[in-house]
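The structure appears below as structure tokens.
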Amino acid sequence: MEKLSMVTSLLCAITVAVLAVAVVSGEAAVVEHTFVVHEMNATHLCNTTKIYVVNGQFPGPTVDVMEGDTVVVHVINKLPFGLTIHWHGVRQMRSCWADGAGFVTECPIPPGNEHTYRFNVTGQVGTLWWHAHVTCLRATINGAFIVRPRDGKYPFPTPAKDVPIIIGEWWELDLIELDRRMMDGNFDDNPLSATINGKLGDLSNCSRMVEESFILDVKHGESYLLRVINTALFSEYYFRVAGHTFTVVGADGNYLTPFKTDMVTVAPGEAIDVIMVADAPPAHYHMIALANQPPEPDPQIPVFTSRGLVRYAGATANNNGLPVPMPIMPNQHNTMPSYYFHANLTGLAHPERHRVPMHVDERLFVTLGLGSICRGQNTTCKRRRSPETIVVATMNNVSFAHPKTTALLERYYDGTSKGVYTEDFPIRPPRPFNYTNRDLIPPGPLEEALEPTFKATKLKRFKYNTSVEIIFQSTTLMQSDSNPMHLHGYDVFLLAQGLGNFNAKRDVRKFNYHNPQLRNTVQVPRGGWAAIRFVTDNPGMWYLHCHFEFHIIMGMATAFIVEDGPTPETSLPPPPPEFKRCGNNGLSQP
């Protein structure tokens, strides 16, 4: 945890209170927190950087609740610009107003203002997380959101302790400047290091000053529930502990069939629960978080690594004079371990589990790609070959135009959407093509032939209780990227994933209808596809986007409108009294 300056510490001592009101019983409780969001200086790698944090912490405070509790978080914005807080993976049943998606469900909280989020957590158990949902602020404004079973029982032996393992990135570049640069089409900036729970690790150093590592203290023979969360803006990560194995037991707030592995792969937005038994000889063991990279000759980025330590009780300070074991990591250019890890996970079948909808009312085939548009009002530029173009990310050739002064949910609820958005998001690409043809890697004549791309705020409307199937198809237009697609307000059945082009005649037979994973973030593999289904049982405005930050900024997003059901209990209620409408609220965005 970064240390505050003396002035900030005094300010926090006077003004910051973190309240946790819980009833130690079987009854639901109200869990209350106050988040003060502010700037803070932090020094790493011989440089002092201004970062943005909650309550002086990086990562921020953990929200720890039981299933069925009501969560109340008071956010006080001391930043010079607006922000929102998104409760990543919380289903927000009939509480879309509290989802915290900037300019989708609410306008950002203006500087110097406060906002209260209030929602219930029902039907979910496991690890979720929270983060800022405007610009690139989630790189440092984030934290774990833990939902415990109300009866205290797990479908696996109760661990001695559970520990969030929050994998992130350390940016020397100011995050607001990073956002501005990406908005202008500059995607060449990179973080300096990976982090584990805010620590860069002892592989990072400058002038022989070694960075601090995260240390996990364990006792021999005990088991530990590691809640591995990827908060990074840019990279998927491999995570390993030397001399130890894991049993994967959950993901995104849902239980999984226990799966044994010696490495966890976690994409941006994902939360993976694993059990680690401390069964090695008592000593010290290194843990590694390594960012994977696309295979060469695709565009390369620096290798980001953070090294931590598992320290057994009773082990000597110098590890008995022996070298500390290092885990053997895969080649950072090898993306196949990620594919096999995700493809081997299945949901834990139990009587109360929701069933996969076998009948499909609406089908979408969504290609994930790149395109280019003309800058400003210019409409005559020659696409990629002109300096007047800007590269954008697309879904079915549409790059999402994010609102800048209003919230989509507010306009939908008030019936004032004209001129703000349209409801014609395409359910398939303009024309089929060989989506994984390597000759499509841009720039090139084949890629240019697939233009034009449209920049627009196009949404998709669904009636209540509609069964929806979506096939996400990655394309080589994305060059080398996988795509962790996150849908707000829903858990979706991940029926299957595959490599190459999706072929219904061949691939539908691979669908897992018995025990698929329930996920809020679905990893669409590089050069492959993923199939999901869900039922629109949660009315409101729900954001769908890739969780790579540069893909969001480039426009790989849309929103789903889910209409009210036939009864008050199946309809979106009016905004709560504490909800602040957009209007003339002094909004100041970076």
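Glycine is treated like the rest: Cβ placed from N, Cα and C.
Predicted, not measured: the structure shown is a model, and the values here were computed from it.
Feature annotation from Swiss-Prot assigns Cu cation 2 binding site to H88, H131, H547. Annotated Cu cation 3 binding site per Swiss-Prot: H133, H488, H545, in sequence order. Per Swiss-Prot, the feature domain 'Plastocyanin-like 1' maps to 36-152. Summarising the annotation, Swiss-Prot assigns domain 'Plastocyanin-like 2' to 161-315. What Swiss-Prot lists as N-linked glycosylation site is N41, N47, N120, N205, N344, N378, N397, N434, N465, and the listing cites sequence analysis.
Structure with Swiss-Prot features highlighted.
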residue	record	contacts (Cβ under 8 Å, 6+ apart)
N47	N-linked glycosylation site	E172
N120	N-linked glycosylation site	G68, D69, T70, V71, M93, S95
H133	Cu cation 3 binding site	L83, T84, I85, H86, G100, A101, G102
N205	N-linked glycosylation site	L45, E211
N344	N-linked glycosylation site	F259, T261
N434	N-linked glycosylation site	L440, N501
N465	N-linked glycosylation site	V535, T536, D537, G565, T570
H547	Cu cation 2 binding site	A267, P268, G269, P484, M485, H486, T521
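Checking the recorded positions (N41, H88, H131, N397) against H488 (Cu cation 3 binding site) with a 10 Å Cα-Cα cut-off leaves H88. N41 (N-linked glycosylation site) is 41 Å away from N397 (N-linked glycosylation site) when you measure Cα to Cα.
For the glycosylation sites N41, N397, counting C-beta atoms within 10 A of each C-beta gives the highest total at N397. Those same-chain residues not listed among H88, H131, H547 yet with C-beta within 8 angstroms of the centroid of the Cu cation 2 site C-beta atoms are H86, W129, W130, H133, R138, N142, T231, P268, G269, H486, T521. Listed in chain order, the residues near the Cu cation 3 site other than H133, H488, H545 are H86, D99, A101, V104, H486, Y543, L544, I552, A557, each with its Cβ within 8 Å of the site Cβ centroid. The helix, strand and coil residue counts that DSSP assigns across the domain 'Plastocyanin-like 1' (36-152) are 6 helix, 59 strand, 52 coil.
For H488 (Cu cation 3 binding site), the number of other Cβ atoms no farther than 10 Å from its own Cβ, over all displayed protein chains, is 28. For H88 (Cu cation 2 binding site) paired with N41 (N-linked glycosylation site), the C-alpha to C-alpha distance reads 27 Å. Note: the CA-CA distance between H131 (Cu cation 2 binding site) and H545 (Cu cation 3 binding site) rounds to 15 Å.
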